Amino acid sequence: MEFATFADRAATIEAEPADLEVVAHVRDLFADAGSDLEIVARFAQGRVFPAWDSTTLDIGPSACYDAIARAAGTNVSGDDVEARLAEVGEIGDVAANYEFGGQQGLGAFTGGSGGNGGDLTVREVHEALADIAAAEGSGSQDRKVDLLFGLFNRCSSEEARYLARIVLSEMRIGVGEGTVRDAIAEAFDVPTDRVERALQVSNDYGQVARIARDEGIEGLDAMELDVGRPVQAMLAQTGTVTDALEEWDEAAVEWKYDGARIQLHHDPSGLAESDGSTVETRVFSRNMEEVTDALPEVVEFAAAHLEEPAILDGEVVAIDEDGSPLPFQEVLKRFRRKHDVAKAREDVSVRPVFFDCLHVGGEDLLAEPLTTRHDRLRSVLVDADADADSVADDEIEGLSLLWQTGDPDEIESIAAEALEAGHEGIMLKNPDSTYSPGRRGKNWRKRKPDVETLDCVVTGAEWGEGRRATFLGTFELAVRAGDDSEERRSAGSAVEPQTLETVGKVATGITDEKLEELTDLLEPHITVAEGQEVELEPAVVFEVGYEEIQSSPTYSSGYALRFPRFVGVRSDKDPEDADSLERLERLHDQ
Ligand code: ATP
């Protein structure tokens with residue numbers, strides 16, 4: 001497919017207000033995509049690679065602005081592009097306002113009034129983006145910009161609009177996961193629920209679209225979890241014991257471990273790495289990023305305890321010398337560390353606790369009830385030499401404890417015990433529920449005793465004064481707006497463009513040492529600096545406590561946090577995982 005055709009269809013989709021019509025347009029796009037279907041299905045969502053693949057282009061916004069500027073002409077600079085962006089607010093509009101194709105040098109000069117585009121194919125764009133992702137080592141940033149310039153130089157304005165958005169992961173044409181699912185079902189005449197299941201196990205919209213087209217229902221049903229390829233984590237809502245017991249009669253109760261989510265993939269016969277080598281174990285974060293190298297204890301755990309291929313879901317917890325859990329912030333010191341892991345391990349050690357089993361010995365367990373999955377988990381983790389039936393659960397290393405009960409008093413005493421043991425609270429789970437990747441449904445509910453905290457995106461800051469003049473302080477906080485309702489997401493409807501609305505500023509609870517660390521973390525994300533104040537691109541998420549949420553015209557959300565207090569950086573969360581305006585409203589109403 002020509003990239004111009006893709007851009008043209010994307011523009012039609014973007015202009016379409018009705019969800020059903022959007023699905024129809026995406027359906028037609030898929031039906032016409034021919035041998036480029038996999039790429040088109042990913043591009044439509046602004047992805048270059050499958051969702052399970054954490055490869056990134058590793059090209060920052062300013063490198064992208066430079067590439068646009070170079071393709072736009074000799075009198076345009078990256079700063080001009082950035083200045084236009086500050087005015088226009090959206091990179092696609094900025095790119096589409098330049099005329100490309102006037103730059104000689106890459107054999108792309110097409111003449112006429114600016115870039116005519118038209119000769120670039122979807123496949124060529126994908127190949128060039130894959131080359132950009134693969135470029136590493138010295139001089140790679142220049143090479144990335146060269147490659148991207150080469151693409152923009154061959155683009156028409158409309159092509160540039162969507163290329164810029166794909167590069168910066170800001171597609172925003174209203175094509176969410178549910179739209180792609182429905183469009184695949186309609187385009188290739190297969191049932192939606194089969195497409196949904198295939199998406200859950202494969203986490204690759206491109207592959208599912210191709211298999212639906214080429215192999216139909218049978219092909220989709222034959223798709224299975226692949227050990228080594230992460231699936232989306234099932235998530236939890238906040239909930240009460242009363243509601244849980246009313247709905248299910250009995251609840252599965254577990255401790256809520258205060259750590260970071262991990263998904264362990266293990267195969268003693270080896271998992272393929274992208275460079276052709278094999279490893280036995282890979283560990284992924286809740287956002288499917290690989291964190292294997294940062295967590296050698298988990299790899300050692302797998303080698304010592306797992307004899308069959310398995311996918312386990314759990315939490316990695318920081319522990320002190322006696323094995324007692326340490327606060328969540330301690331685990332983050334280890335979680336994404338790329339250097340000096342051995343040294344960091346001396347300071348803080350971690351241990352995994354698993355609460356779910358998605359796959360074992362060639363068998364997928366997503367459709368099994370929670371209690372069955374937990375039994376399987378137990379048998380995977382129990383020592384092979386032990387008499388499995390006579391070993392108590394709390395003697396099985398790495399196994400989360402699970403109580404099934406309908407008695408609220410018993411649940412309260414489990415919760416008290418959890419807190420006593422240094423955990424965060426309890427999880428209440430529907431014992432009969434299947435595992436739904438990526439869903440924050442009612443089948444898992446969390447109950448924490450403390451006042452809720454909020455995870456906010458940091459959108460601005462101010463330079464300090466006097467002693468603190470070299471530090472950023474007073475951080476502006478925002479939550480996500482847009483229709484984020486549970487119904488909408490469970491229906492898989494298109495994700496609306498996410499905007500950020502401010503809720504307050506936090507300056508308390510931060511030591512000088514921490515301010516220095518936060519300055520290092522945030523400084524690269526400064527987009528605009530005016531006097532003491534800076535604006536930041538959304539990149540970093542802060543967890544903040546507060547005393548109250550008040551209605552207030554001061555901030556764009558219409559709410560203000562009273563006495564906000566810095567709790568920590570949620571380095572395991574991206575801005576899309578921050579709390580929503582909807583949750584803020586709910587907490588305010590409560
Ligand atoms: P929070 O900020 O409360 O940790 P979150 O947004 O990171 O929440 P939620 O889905 O809201 O994630 O809460 C569930 C999280 O709790 C899981 O992602 C997991 O990391 C953690 N957790 C700890 N113990 C358990 C358990 N026994 N079962 C499931 N999740 C658990």
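Glycine residues also receive a Cβ, built from the backbone N, Cα and C atoms like all the rest.
Features of the protein shown, as given by TrEMBL:
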| type | residues | note |
| --- | --- | --- |
| ACT_SITE | K256 | active site, N6-AMP-lysine intermediate |
| BINDING | E254, R261, R286, E315, F355, R440, K446 | ATP binding site |
| COMPBIAS | 580-590 | compositional bias 'Basic and acidic residues' |
| DOMAIN | 343-481 | domain 'ATP-dependent DNA ligase family profile' |
| REGION | 571-590 | region 'Disordered' |
The residue listed as 'active site, N6-AMP-lysine intermediate', number of other Cβ atoms within 10 Å: 21
Cβ neighbour count (within 10 Å, all chains shown) around E254 (ATP binding site): 23
Conformational class of R286 (ATP binding site) under the three-state DSSP mapping: coil
DSSP three-state assignment (helix, strand or coil) for F355 (ATP binding site): strand
Set of same-chain residues at least 6 away whose C-beta sits under 8 angstroms from R286 (ATP binding site): A233, A260, R261, Q263, D572
Residue counts (helix, strand, coil, in that order) that DSSP gives for the domain 'ATP-dependent DNA ligase family profile' (343-481): 39 helix, 50 strand, 50 coil
Cβ neighbour count (within 10 Å, all chains shown) around R440 (ATP binding site): 15
Number of other Cβ atoms within 10 Å of the Cβ of K446 (ATP binding site) across all protein chains: 16
Set of same-chain residues at least 6 away whose C-beta sits under 8 angstroms from F355 (ATP binding site): E254, D313, G314, E315, H374, L377, S400, L402, M427
Cβ-Cβ neighbours of E315 (ATP binding site) (radius 10 Å): 23
Inter-residue C-alpha distance, R440 (ATP binding site) and the residue listed as 'active site, N6-AMP-lysine intermediate' (nearest angstrom): 16
Integer Å distance between the CA atoms belonging to the residue listed as 'active site, N6-AMP-lysine intermediate' and K446 (ATP binding site): 8
For the compositional bias 'Basic and acidic residues' (580-590), residues assigned helix / strand / coil by DSSP: 9 helix, 1 strand, 1 coil
Whole-number Å value of the largest CA-CA distance among E254, R261, R286, E315, F355, R440, K446, listed as ATP-binding: 19
